[in-house]
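**Student:** Pulled the feature table from TrEMBL, pasting it below:
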BINDING   G10, A11, G12, K13, G14, T15, R127, G166  ATP binding site
BINDING   T31, R36, K57, L58, V59, G85, F86, P87, R88, Q92, R129, R140  AMP binding site
REGION    30-59  region 'NMP'
Amino acid sequence: MRLVLLGPPGAGKGTQAAILSEKLGVPHISTGDLFRANIGEGTPLGVEAKSYIDAGKLVPTDVTARMVESRLQEEDAKDGFLLDGFPRTVEQAEILTELLTKAGQKLDGVLNFVVDEDVVVERMLARGRADDNEETIRTRLGVYRDETAPLIDHYGEEIISIDAVGDVDEINARAMDKLNALK
Ligand code: ADP
């Protein structure tokens with residue numbers, strides 16, 4: 001299955017993606033994780049991405065798209081993937097469609113994790129990642145509203161909404177039910 005995961009920062013996409021990846025047998029490809037791995041290793045890509053991430057801004061699309069393209073070409077992503085954190089803008093969605101079309105592929109669906117802003121702020125503050133301070137969180141929520149939320153309209157009928165309030169297993173069961181109904 002080829003799926004995109006959407007939702008505001010702190011919606012729990014990463015947690016759900018890890019479980020879904022195991023159940024569906026496809027890799028979890030998280031742009032945030034890829035950036036953080038590059039930052040940890042001190043690669044040129046990591047050095048470039050770090051200033052944007054620390055400020056809560058989007059890393060430039062050309063850099064991000066190149067990283068995603070090369071990850072999608074790896075062997076384990078041939079038959080499916082869960083893309084988490086990409087696309088984050090309509091421009092990135094168009095790039096993804098182009099990449100998939102070139103490879104003769106298409107998405108099976110777009111899972112949208114639905115959760116209120118006050119819940120995500122609480123979750124992010126509790127998580128305490130380097131970019132989870134109050135100011136950065138506010139910036140990221142603004143970026144989400146302005147740049148990422150329009151993807152819900154962009155994907156239209158491909159959107160599969162999941163209520164992302166509740167415990168991890170419950171949310172996962174909701175997602176699996178909807179995915180099973182797709183087949
Ligand atoms: P969250 O889901 O909490 O927003 P992520 O780990 O997905 O966290 O992303 C962390 C940061 O990585 C973002 O705030 C942004 O700076 C950068 N990033 C991740 N994905 C993208 C993308 N598709 N385009 C541009 N920047 C991105």
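In case you wondered, yes, glycine gets a Cβ from its N, Cα and C as well.
Map these features onto the structure and tell me what's around them.
**Tutor:** Residues within less than 8 Å, Cβ to Cβ, of G14 (ATP binding site) and separated from it by at least 6 positions along the same chain comprise H28, S30, G32, D33, D84.
Residues within less than 8 Å, Cβ to Cβ, of R88 (AMP binding site) and separated from it by at least 6 positions along the same chain comprise T31, L58, T64, V143, E147, T148, L151. Secondary structure at R88 (AMP binding site), as computed by DSSP, is coil.
Away from its own ends, the region 'NMP' (30-59) comes close to residues 14, 17, 67-68, 71, 84-86, 88-89, 130-131, 135-140, 143, 147 of its chain (Cβ-Cβ under 8 Å, at least six residues beyond either end).
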**Student:** What's the most sparsely packed of the binding-site residues A11, V59, counting other C-beta atoms within 10 A?
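**Tutor:** So among A11, V59, the binding-site residues given, the one with the fewest Cβ atoms within 10 Å is V59.
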**Student:** Where the criterion is a Cβ under 6 Å from an atom of ligand 1, which of the binding-site residues F86, R88, R129, G166 meet it?
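**Tutor:** Among F86, R88, R129, G166, near ligand 1: F86, R88.
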**Student:** Among T31, R36, K57, L58, V59, G85, F86, P87, R88, Q92, R129, R140, listed as contacts of AMP, what is the widest Cα spread in Å, to the nearest whole number?
**Tutor:** 25
